[in-house]
Every structure is written in C-alpha cells, then in structure tokens.
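According to Swiss-Prot:
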type    : residues                       : note
BINDING : CYS434, CYS440, CYS479, CYS483 : [4Fe-4S] cluster binding site
BINDING : CYS483                         : siroheme binding site
Amino acid sequence: MSEKHPGPLVVEGKLSDAERMKRESNFLRGTIAEDLNDGLTGGFHGDNFLLIRFHGMYQQDDRDIRAERAAQKLEPRHAMLLRCRLPGGVITTTQWKAIDKFAADNTIYGSIRLTNRQTFQFHGILKKNVKPVHQMLHSVGLDALATANDMNRNVLCTSNPYESQLHAEAYEWAKKISEHLLPRTRAYAEIWLDQEKVATTDEEPILGQTYLPRKFKTTVVIPPQNDIDLHANDMNLVAIAENGKLVGFNLLVGGGLSIEHGNKKTYARTASEFGYLPLEHTLAVAEAVVTTQRDWGNRTDRKNAKTKYTLERVGVDTFKEEVERRAGIKFEPIRPYEFTGRGDRIGWVKGIDNNWHLTLFIENGRILDYSGRPLKTGLLEIAKIHQGEFRITANQNLIIASVPESQKAKIETLARDHGLMNAVKPQRENSMACVSFPTCPLAMAEAERFLPSFTDKVEAILEKHGIPDEHIVMRVTGCPNGCGRAMLAEIGLVGKAPGRYNLHLGGNRIGTRIPRMYKENITEPDILASLGELIGRWAKEREAGEGFGDFTVRAGIIRPVLDPARDFWE
C-alpha cells in the first residue's frame, strides 16, 4: 500500500453507460421536464429514471403489491422517494411544520423517515406531486439537490457533542463544505422552481461535466463521539480543538461499506489517515480530495468506482500526495483523537450555554402516528411551541435542541403524552435498520420491518444470560449496498434472500473495525441459535468493559479484518 503505483492512476477501457448518460444529459436536465407532463405512466422514462437521482429522488414501487398489479396487467405503482439536503441534520421548526403537512397530504405512506445520513425522506410521492415537493422545500429554504447519485451527498456532523460550542463551529463547516461541493448546473432551479433558462453555458469547475465516478460521502466528526460512523464515508474531517476552540481537522479518506454478494473485487473498508490541516485549508483540501477522485476514480466499472477502490489501486501515499499538490499544502502529522462511543445520548443533556437538548429515540427513524403512540402529532405539537431547532442524528433519532429551562417541562410533557419518551432498553437504542421492503427496489430481505421483533428476541437472550442492560451494536441492512451500516456493527445482518441473511461478527462498539462474515445465507432461527450461544459465552467469559465484538475477536470466534482489500473475504 505504500508503493508509489500499485496500479494505474486512470483505468482505461470502455466507460460505463452511466458515464454516457451524464455526458448526454445537458448538465442533468435530460428530458425530465417533458417527462413530468407524460400522464400515461406514473414513472420516468429512459435516462430520466436515473437522472432524477441527481435531483434527490429515486423511482420506486410498492413491492408488496407488485405481483398483484402485474396479474391485473397494471404497471407497478410507481412513486418517488425524495431525500432532503440537510447538512448536519439541523432543521427549523418552521421547516418541520411544512414537511409534516406535506407528508400527511401528499405521500402514500404519510410518514417522515429519518435516515442515518442525518436527513429525512418522503416515501410514496406520486408523479403529480413531484414538482410541488421541490417547491414546498424551496419555500422554507430547503432543497434536495445532490442527495443521491454521483455527487457529494448530504454532509454529516456530530449531533450532540459533549462541548456544545464546538457543534456550532463544526456545523458551520459542514454547511460550507456542502455548499462548496454542490453542482453549479441550473437544471434543478429550471425544472423544479420554474426559474428562467440563462443564456450562459453551464460549468462544473469542481465536479466536472460528467460529475463524480460514484457517490461520495463526507462527515465532520467531533470526538469522542463517532455517531456519524466516519469509516462509512469517503472523506472525514475529525475536529481538533484547543481550549474548547476548533483549530483544525484530521483528514481520513476512503471509507465505505457497500459490497456485492460473491464479488471479491468489492469489500468494506475503513478510512485511511492522511494528516492534520489547519482550518483555513479546509475547503481547498475538501475540493482536492473530490477532484482527485473525480479524475482517478474508475469510470469503467461502477462496482469498483468508489474512493476506497481508487486508494487501493493507486496507493494511499500517491493519493495523499496528489491531494497535497492540488491543495497547495503539506499535511501535518495526525493529532491525537479517540472515540468512546457512537450511540446517541437519549434523554435530556445540558449544553454549555445552559440550554437543554432532548434526544428522542425514534425506532428505525419512522415518524408516523402509531396506535397509542402518535409520534408524528407529538413532534408537530412540539414544533408549534419550540423556539430552538430540531437535529436529526445519524442514528435516525431526533434532538429537540436548545430548550430553555422555562420550556423544559412543557416539552417533556408533550413528548411523554405522545409516546416519544417511552422507556426502551439499551439494546434497542443501539440497533438500526435501513428501509428495505416494501419500497426499496434493491431489497433482498426485510430490514426495517424485521428489526423490532428481532430485537425483542435478542433482548430475551441478554435477559436469559443475566445482562438485560447490556447492549451490542446491531444493524440490519436489506442488501449488500449496506445503507444500514451493518459492516460497522458488532452484529451485522446483510440480506441475501427473503428471510435469509449473512451474519457478520467482530466489529466494535466505536465503529473502527469491519466485521467478518461468520455464517452465510441463514434464517432467523439459525441466527438466534448462534447468537444465543455466543452471547452466553460473552456474559460468562468477558473481561471488564469488554464489548461483544471485541470478545468475539479475543476469544478466537472470528478473525479480525485487518486489511479489507486482501482479507475481507477470507
């Protein structure tokens, strides 16, 4: 990995069809505007099916009724998922009230889905409501630009740090990076906001005419919390503070979790440390990382196009030196930092400014009025009286931020009355799933609908072995693309087929180690049998403070993944 050129800087060969699509799209316009007026289908045609992703949307259908509709000779019930751009997950109560109303009035499912990319999604937007959703977002100062496809996606930022003044500084940087790396095309404004076409030619000085080779994810993280799971991301800025003031960042590049079942050219990878940079170089370095990946990333094979593969192909040192050259700096040695956890601190936490933050556990991030737990109504009622903001966390929870002492009791009463503060065990708080069925077209197995009952069973195992208040970081992802971040969990389930999963073990609590596959293509009873035995051993044999993942490695149950490019599949 330290050789100058383990592989070529640029991969020669026939470009993937996605590259043709981007090149011919006229800076992401395609024929989306014309397609919107085609009432014969609920979906988008041809290239537009993929181009709408650059505008923050995915075309989906309800897979629960797909076969039934096919039998009736009907096309699938097409509807769009829309993902908002929300750097750092901060949303005002005015914005919240607007999205609450849109979800209720204009989506099939009526829900707001908080995601582990620290934003919200609407599921089930019919084609006739696609333009109105963008206009609604714009009216409250939001957009969905660049939240999907080959761009820098929503920038994450630690939600509830131990030093709250650091959050304000780090959050400002998350916003600046997001804005700096946005596409410059006017396609979004023209298509969705009816802004006039301008005679000037579009230019993309950072992203280029064909944008990035693949999705690109960025974080700003404030130790000791690794709530944003930095090792799942392409570019990570670890905040370094002196006397409570942000002075610079450690840069880590090349994390990513997506794999393809059976494709040994794909693997999950933790990010590599490049070095420390003072604050004034932040945007130049961020741009240099992105443009290096733009120019060197593999455009012939999308399965091998992410930054992690570029680093492995050209060598970490070569990539780092190119970033230094483009940014005009030399990285200083990495400054010391450590992580102690990545879960959210559920409940009230007092900030340094004497205001309070209330973190609410939202199982799988799904905000809806459930029987006996009207969560969506409760949050709307809080939004009506709260003077501060809401923050969406990368664990799919919600923080009512900056609550003055005088409002605390009133907000707590509303939260309790609407089931937003029901007691849950630590295991549930540390479990997470992606959406998967029925809306995700890539889903191979259930995730969000499977996790609550599966967690019940894991809690029963913990109880049986006398450790009911312990927790294991547990994630379920419906397919190997890995949106549920199972590849950084202590127990990771990756969907293989309906009712079947690959079981990965050996990650750690702080999210710095990739888990290895322990058993392949097994059913829930098989998974529970394995976990029952191993959790029993952990309860008896663990050392003081030893997490489940660390125990499985120390006890020789699983070999740790040390160099994923070479040993992930062993």
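Each residue's number is its place along the chain shown, starting with 1.
Cβ from N, Cα, C; glycine included.
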Beyond CYS434, CYS440, CYS479, CYS483, what residues of that chain have CB atoms within 8 A of the centre of the [4Fe-4S] cluster site's CB atoms?
VAL435, SER436, LEU442, ALA443, ALA447, THR477, GLY478, ASN481, GLY482, GLY484, GLY495
Give the number of CB atoms, excluding that of CYS483 ([4Fe-4S] cluster binding site) itself, located within 10 Å of its CB.
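A count of 23.
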For CYS479 ([4Fe-4S] cluster binding site), what is the tally of other C-beta atoms lying within 10 angstroms of its C-beta?
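Excluding its own Cβ, the number within 10 Å is 23.
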